[in-house]
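Before any comments, here is the structure.
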Amino acid sequence: MPGVKKRKVAREAPAPAPAQESDVESSTPEQTQEPEAQEQEQEEGQSKTFKELGIIEQLCEACETMGYKAPTPIQRESIPLALKGRDLIGLAETGSGKTAAFALPILQALMEKPQPFFGLVLAPTRELAYQISKSFESLGASMGVRSCVIVGGMDMVSQSISLGKKPHIIVATPGRLLDHLENTKGFSLRNLKYLVMDEADRLLDMDFGPLLDKILKVLPRERRTFLFSATMSSKVESLQRASLSNPLRVSVSTSKYQTVSTLLQSYLFIPQKHKDLYLVYLLNEFAGQSTIIFTRTVNETQRLAFLLRALGFGAIPLHGQLSQSARLGALGKFRARSRNILVATDVAARGLDIPSVDVVLNFDLPGDSPSYVHRVGRTARAGKSGLAISFVAQYDVEVWLRIEGALGKKLKEYDCPKDEVMVLGENVAEAQRQAIMDMKDYNEKKGSRGKKFGGKRSRDEMDQEEG
């Protein structure tokens, strides 16, 4: 039966092949996009199901169970090529379905030739690693797929025991994986068949480059490699040249900083001292909706969580100085809607599986345009609509103009009646005083633990977001 499926893929895949080959030889993204346009229209008309992409029935049923009704653009473009055994570079905006785009071909290949340590996925953060592992286990449940998560902040011995059980898939952050490759007796990836580097631009932004080089040196040359990224920087280009063999590039973004069409974006130009007031006003306006508030620092994340709790909002913080169990617990509550407000540093901006976020509020602007796109990409996912509002204080104008320039458009100012906002002043001031006391207690309990974030990060700390 697997052989029949292979022949079916071979019949369906050739149509887009010439365009993709020219894509590899082309030196600029603009040249890449144009020859694909007509082929993509034909492909969209023909490949509307996972089965038509070449995915076997067993995995199609798993997709249906998980609620994947139809392939997303990145899945439509990537899966047929991956099933043909090609190395891939996938460029797509956040929320595009990249995990299934690489997980399904790997699982299909695993069914044909099952073996331990079949696939390795490298991810920049612990939360993303757990999410990817969960996707593999859910899609491969009928096959009995075993996945193992190897990340910092967790016990090395228990991880070594998990590796000793020889899972099919390892999902890891680079620092902890390298620790095991160097120190765990009997652990080797010399028979690895598939390597995935997910959120490659983020991996490199977090200074994992030297660790990736060391990992690549101990992996077999005869393997398939998939590199997925939201943007194609010079660092990602260098990583591609070092790790992929004659890859095909698949891009479903038309702009370096594209946001989805169902996302409504606007801004509020307000004094720095009134940001808390406007935040509380907006949360009252969006009461009951799932909201992520992004801040620049761990301290501000924690302060806002205390402030909002004092006002009766169900707010939970998410940042890199929380324990791993606390971070997973916060995400679990937010996903389950037992808490509808998540106050976060950029640890939550990339790749985390939060199915339905209605509103994103940039309480603090990010420092660059890619980070803005990744933040607002938490809403308006999978065809749903969403709203993103950014707070622009008097000191943020230059940064905001750069973001608008990268987006290629001027965004509208959000209509917020000042007199209604100012009415909240007394209650918010009282909550601010309470938050100050709560922060004092919090910092006293934390003690000297925060000092470790001031020095050079160890491998174990590199996969947490410092905020």
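Cβ coordinates come from backbone N, Cα and C, glycine included.
The motif 'Q motif' annotation in Swiss-Prot falls on one of the ranges 48-76, 222-250, 251-279, namely 48-76.
Listed ranges 34-37, 198-201, 298-301, 438-441; the one Swiss-Prot annotates as motif 'DEAD box' is 198-201. Counting residues 6+ beyond its ends, the motif 'DEAD box' (198-201) has Cβ neighbours under 8 Å at 98-99, 102, 121-124, 128, 132, 227-233, 235-236, 239, 350-351, 370 in the same chain.
Ser96 (ATP binding site) has a Cβ environment of 23 other Cβ atoms inside 10 Å. Around Ala92 (ATP binding site), taking its Cβ as the centre, 23 other Cβ atoms fall within 10 Å, counting all chains.
Mean model confidence for the motif 'DEAD box' (198-201) is a pLDDT of 88.
Cβ neighbour count for Gly97 (ATP binding site) (all protein chains, 10 Å cutoff from its Cβ): 18.
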